Amino acid sequence: MEQFQHISVTDAQEKLNQKDHNARMVDIRDPQSFGRGHVDGAFHLTNDTIVTLMNEVEFEQPVLVMCYHGHSSQGAAQYLINQGYEEVYSVDGGFEGWNKAGLPVEK
């Protein structure tokens, strides 16, 4: 069985900036937290939006999963692997780590 990979917040930002990879960030935090701030261009992944994600993102595209601290994202990342996505990362440190690193946030 395929496994997701771990990625640091700085490596995640670098991967998102590599336009040739067409990586997508998905954020699984609650709607209020997502609304207060998220990574620029992040897709808010919920039970209600999973079908939309699967229609918009090819299985070959890298997918980075972010939660609050980097724990819940691991289960979601494995779920996406099980759905057929080939390159899935759990962002270590989550949104809190992203903020602490001073990386850009969209509000």
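Counting starts with 1 at the first residue shown.
Placed from the backbone N, Cα and C atoms, the Cβ positions cover glycine too.
If you look up Swiss-Prot, you'll see Cys67 marked as active site, cysteine persulfide intermediate. Taken from Swiss-Prot, the feature domain 'Rhodanese' covers 19-107, and the record attributes it to sequence analysis.
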Task: Local backbone state of the residue listed as 'active site, cysteine persulfide intermediate', from DSSP in three classes - done: coil
TODO: Mind looking up the mean pLDDT for the domain 'Rhodanese' (19-107) in the predicted model?
DONE: 97
- [ ] Using a 10 Å cut-off, grab the number of neighbouring Cβ atoms around the Cβ of the residue listed as 'active site, cysteine persulfide intermediate', all chains included.
- [x] 25
